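Report on the following structure.
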Amino acid sequence: MSTLFLIGIHEIEKSQTIVQNEHYFDRVIELQDLDSLMVALYKDRVSPFPNVHNFETGVSIVLYDPSKFQLSVRQLDVLFKRFFPSFNISAIDHTREENLQRLECVERENSICRNRITRINHWMYHHHDDTPDGINKNSYGTVNGNSVPTQACEANIYTLLLHLNDSKAQHLRKASVPRLIRNIEFMSFLSDPIEKISQEGSHYWNILSTWDFCALSLSTQELIWCGFTLIKKLSKDAKVLIADNKLLLLLFTLESSYHQVNKFHNFRHAIDVMQATWRLCTYLLKDNPVQTLLLCMAAIGHDVGHPGTNNQLLCNCESEVAQNFKNVSILENFHRELFQQLLSEHWPQLLSISKKKFDFISEAILATDMALHSQYEDRLMHENPMKQITLISLIIKAADISNVTRTLSISARWAYLITLEFNDCALLETFHKAHRPEQDCFGDSYKNVDSPKEDLESIQNILVNVTDPDDIIKDHPHIPNGQIFFINTFAEVFFNALSQKFSGLKFLSDNVKINKEYWMKHKKPQ
């Protein structure tokens, strides 16, 4: 969905260009000021699933008069990139008619964002010029018969490279949180969990405290609340305090840095891994509250900005992000850089503590690279697992692949979602056989790309209902084979060894065994 925001623009002030281009947007919202805009963005982002107003499946434009609000277009765009990194949103000064040509790009931009394969392709491979704001004003193309700055259009759609470069730029700026954001009471966007707490005060703490935790059953508001509840407790235990509103701003910014439209690698997965990390820490790091806090924070940030694909796809097509990290642990380095920048801005005290401890958070995130799995398996079997750097790596690795250790009813739902994401990777590879990954998204070859079904209805069913594993297999009969492969290749030996070293974790290997037995009964012939 795409939105045109008209900020402080009265009907009489609308130019003919605005009126003529309103139909490119799914909705037009008139707001009094930029404060109201910030509230609208946050409220939309935490709407219930399926959230059509996530600002990722369409392009949104903010029209306003900078002179009225003492905030330039550039400053507002920087604010968007800083606090809403995954959003396809940009600002335009509506008082300058030549700027309004930008509206004519929206139809083509929306076609890229609404097709999940062209959207992911753009995220991963789109090339940018080197101008500070990502816009080459000398590059023009034709859209709807008019000459428009195509690079300016393309720069409005999220890419991994833009996310990374904007994050680095923010690190250099070291700007304070602007008033527009600072004055927001973030608790006001969490009405659903607050209402539930009023009825049952310990509700979220109870679900966080069990291995049967199911992040799939929670709304975005509830996921943020779970993160808030757990981190607040851990920070108090570690005596590394942060004000409630600052912690909520960090969590809202982090959620907006993940892609809601991803099936598996999203904020839901981040909360799931953080909860699993904490539960493992209660067994393995009982007397170290600072390390527990650091490791749980690494867990919630370990996949930030994840495109829902893999390192191999980035390497094979020689993406600029892959080249940036010399084809080594590409996504893990990408997540690490983004998350450390977020912490440097929102919780610098914690980042400082992390760096004093052999760059604790950085090492933990890099340990999640599955290409290194066998190395950590060897460490588990042949080294002292209580060695600090080995232990933190083992904990976050176990948490990252903990889906196969959850109860079967939960594990099967995660299996379904990762299968959908793998299917997207296969579709992306097929797409590359007909299109160069980095080619101009506004070229003619993009016009007739088939749009694959978004699977929203089936995903909603998985999230809302406790779906029986048998029903999942009926619709996706090859899931058992995929789960058996993953368990045999990565999980079984790892969790068996972990359980042998730490007897309190035997329930993990027991659950893997139970789940594998179920999948084996439903295995399809090769």
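Yeah, the Cβs are placed from backbone N, Cα and C, and that goes for glycine too.
Keep in mind the model is a prediction, meaning the values are calculated, not measured.
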Same divalent metal cation 1 site per Swiss-Prot - residue from HIS259, HIS269, HIS435 joining HIS302, ASP303, ASP400: HIS269
Same-chain residues at least 6 apart in sequence whose Cβ lies under 8 Å from HIS265 (active site, proton donor): TYR258, HIS259, ASP303, HIS306, PRO307, GLY308, GLU421
Neighbour-count leader, CB within 10 A, binding-site residues: HIS269, HIS302: HIS302
Arithmetic mean of per-residue pLDDT over the domain 'PDEase' (182-526): 93
Among ASP303, ASP400 [binding-site residues], residue with fewest other Cβ within 10 Å: ASP400
Cβ-centroid neighbours of divalent metal cation 1 site HIS269, HIS302, ASP303, ASP400, 8 Å, sequence order: HIS265, ALA270, VAL273, ALA299, HIS306, HIS335, THR368
